[in-house]
Amino acid sequence: MNFIKEFREFAMRGNVVDMAVGVIIGSAFGKIVSSLVSDIFTPVLGILTGGIDFKDMKFVLAQAQGDVPAVTLNYGLFIQNVIDFIIIAFAIFMMIKVINKVRKPEEKKTAPKAETLLTEIRDLLKNK
């Protein structure tokens, strides 16, 4: 019973719950960005490059033989995933910049009175 109680306390701590929410939101955000790239950016980029569809770009290493499918290097999908990554990284970078601007700067730690007094005494003794 002690193990279950410890696990519940661990799982209900703010950091774990915050991380879980972040992972879920990040997953949903990744799907949105993937859709943005594959459904909006890639077709426009295809039109600009003369009707090329990146999803179909591949090198055929071995032709299909009977029931065995062709062996291919799908570099078009790789390009699409790189674009996904760049957009996600940029969005996260912008969010972090906004969060850092919104956060209040940490107040400078002031020295305790005794430490300040000793520093002043030291400085006075130095000057004599």
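One is the number of the first residue shown, and numbering goes on along the chain from there.
From the backbone N, Cα and C atoms, a Cβ is placed for every residue, glycine too.
Model, not experiment: these values are computed from the prediction.
So that you can see what the record holds, here are the features copied from Swiss-Prot:
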type     : residues : note
TOPO_DOM : 1-16     : topological domain 'Cytoplasmic'
TRANSMEM : 17-45    : transmembrane segment
TOPO_DOM : 46-74    : topological domain 'Periplasmic'
TRANSMEM : 75-94    : transmembrane segment
TOPO_DOM : 95-128   : topological domain 'Cytoplasmic'
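Through the fold, the topological domain 'Cytoplasmic' (95-128) approaches none of its own chain's residues that are at least 6 residues removed from its boundaries at a Cβ separation under 8 Å. In the topological domain 'Cytoplasmic' (1-16), the DSSP tally of helix, strand and coil residues is 14 helix, 0 strand, 2 coil. Sequence-distant contacts of the topological domain 'Periplasmic' (46-74) (same chain, six or more residues past either end, CB-CB distance under 8 Å): 38, 80. Mean model confidence for the topological domain 'Cytoplasmic' (95-128) is a pLDDT of 80.
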